[in-house]
Structures are given as C-alpha cells and as structure tokens.
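Please find one structure pasted underneath; my questions will follow.
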Amino acid sequence: SQNNAKVAVLGASGGIGQPLSLLLKNSPLVSRLSLYDIAHTPGVAADLSHIETRAQVKGFLGPEQLPECLKGCNVVVIPAGVPRKPGMTRDDLFNTNASIVANLTSACAKHCPEAMICIISNPVNSTIPITSEIFKKHGVYNPNKIFGVTTLDIVRANTFVAELKGLDPARVSVPVIGGHAGKTIIPLISQCTPKVDFPQDQLQKLTGRIQEAGTEVVQAKAGAGSATLSMAYAGARFVFSLVDAMNGKEGVIECSFVRSEETESPYFSTPLLLGKNGIEKNLGLGKISPFEEKMIAEAMSELKASIKKGEEFAKNFK
C-alpha cells in the first residue's frame, strides 16, 4: 500500500482534536497532517511536529487559512464544535455545532470535493444530513464518501461485553447500528463475535449502558467536558480503517452513519465494506433478534426527526 494519506483535522486544538491528531501523527499510514482551528493550532502543530514519525504537520489558523489547509487532502476529520455539559443532550449542541459543520463542510466541498469526510461533531444524527445537503448545494455530493463516525459506540460495546464475559476486548466485535444518540444507538449483541449470551435483564442493562455511556463520561467529568480521549481513539480507528481500504486492503468493515436504503430512515448506521472510493457495499442489518427489531422500530421517529432538522437547517444556510 502507498501509505501516503493526506489527512486534515478541523477542530484540531480541542478536546478531541488534540489526542486525535497525536494518534494520526503516530501512524505510518499518514504522510501529511493538516491541523485547523480558530485558536492555538500553531502551537499544537509545533508540538506534534517534534514527534519522530514521518507525517509532516502543518497548522492553519482561522477561516482565511482553511482553503490552504484542505488543498490536496484525501481524508478530512471534523471534531470541531462544543462538547456536552452535564444535563445536556447531544441535540442541545445543535444550534452551535450545526453552523460550525455547515461552514467547514462548505469549505471541503469547495477545496477538496473528492476527499472522504468523517464527521465527529454532535449531534451526528443531524450533522451528517447537513453535510450531505451542503455538498449537494455545491454539486459535488457523493454519498459513498460522507461518514458519521459512530465507532465509539462499537468500541464501548466491545469493552463492556468483554468486561462482563471476562474476554480480551481486542477480540470482541459487536456491530452497533442506527444512529449516534440515546435510544437510536442499537448494539446487535446477537451478532457479537465470539458469540455471547445474556439473560434478558442483563441484556437490557448492558444495552442501556452502551446507549448512555457518553452521559456516563459527561457526568464523571463534572462539567469539564465530554468523551474526548476514547472518542479520539475511536476516530483514529475509523480513519485508519478507511485509509487501509483506500490503499487496497480487502475486507475492511466498519459501522458508520451514512445515507442508506436499509431501513425507512434515509440515514442509518450499519456495517459497511470499505474500499478505494469509500463505501463499497452496505452490508445491511443481517439477522437480528426480536429485541433488536423492537429497538429499531422505537428509534425511527427520533432518528427521522433529527435528520429532518439537519436537512431543514442546511436548506436555509447561507
């Protein structure tokens, strides 16, 4: 593989942006790392540039330097935005983060229309529809290249199942489908490898913990932020999978919130086979249990409302 990925991180000085940039700098897959934010990026870039790996790091500051940051990038990761505080839902972030994502993706559509766009900024259930609509406005929309990063839900599911069963978490794989907020997060424990069984009450408790794990961190941090370190890890994991697939590695599968025909919801996360041009094949829901089927049905109205909210916002965005 050519291992020459040029990756941009938009929101690189923030709580997720800094550890994410560190993990990307540490990877042999990345040859150029462009860091963008509205404050502190020269410092973050100078700091990371001293690390003895071959990725060349450059920092870009403020909207006037954004076009230069994006030029020639293959992958753009966007963790920019405000984090949750205790008592907030991901949807409470909408007003601030919707504008940030619309502005940044607008710049991507202009300056790197062919790049893979990976959105971390919450609420993902709305920011992905916003990204799609912005790309449509610029006439460069490709649904196979726009990803809502839900990997943290999978990472958490793997960890929690491994804890309960005394397994090595690195060997546990639980697909998580649906969306990326509360009850739209649907872990398919029935499809876990290795196969695991839980009594119904334990299954319900485990599912609830996976769905509310973000809130667990928000509360534990007591106002000092949300899940930043585990999110940076999950974001990097997704980017590495994507770059591996772009480099021609076969059989790379990750779940992600994308444009979808798999359910009645126009966007939905399912396992995806990744390839040189992004989504190669949507692998769909697979065989699901009655419990999981019920969760999908119950998530639909919230999911559709969040999607509609994002689309409406993008339509009126100047």
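Note that Cβ sites are derived from N, Cα and C of the backbone, with glycine treated the same way.
As listed in TrEMBL for this protein:
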ACT_SITE  H180  active site, proton acceptor
BINDING   G11, A12, S13, G14, G15, I16, G17, D37, N97, I120, S121, N122, M231  NAD(+) binding site
BINDING   R84, R90, N122, R156  substrate binding site
DOMAIN    6-148  domain 'Lactate/malate dehydrogenase N-terminal'
DOMAIN    150-313  domain 'Lactate/malate dehydrogenase C-terminal'
What does the DSSP secondary structure composition of the domain 'Lactate/malate dehydrogenase N-terminal' (6-148) look like, as residue counts for helix, strand and coil?
64 helix, 30 strand, 49 coil
Just going by other Cβ atoms within 10 Å, which of the recorded positions R156, H180 has the emptiest spot?
R156
Restricting to the chain of G11 (NAD(+) binding site) and a gap of 6 or more, list residues whose Cβ falls under 8 Å of its Cβ, or answer none.
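Long-range Cβ contacts: G17, Y36, D37, I78, P79, A80, G81, I100, S121.
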To the nearest whole angstrom, state the Cα distance for the pair R84 (substrate binding site) and N97 (NAD(+) binding site).
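Answer for this pair: 11 Å between alpha carbons.
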List the Cα distance (Å, whole number) between R90 (substrate binding site) and M231 (NAD(+) binding site).
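Computed Cα spacing between R90 (substrate binding site) and M231 (NAD(+) binding site) is 14 Å.
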Within 8 Å of the Cβ centre of R84, R90, N122, R156, which other residues of the chain have their Cβ, at the recorded substrate site?
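Close Cβ neighbours, site residues excluded: P123, H180, A181, G214, T215, V218, S226, A227.
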Could you list the residues of the same chain, at least six apart in sequence, whose Cβ is under 8 A from the Cβ of S13 (NAD(+) binding site)?
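Expected: L35, D37, A39, H40, T41, G43, V44.
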Work out how many Å separate M231 (NAD(+) binding site) and N122 (substrate binding site) at their Cα atoms, rounded off.
12
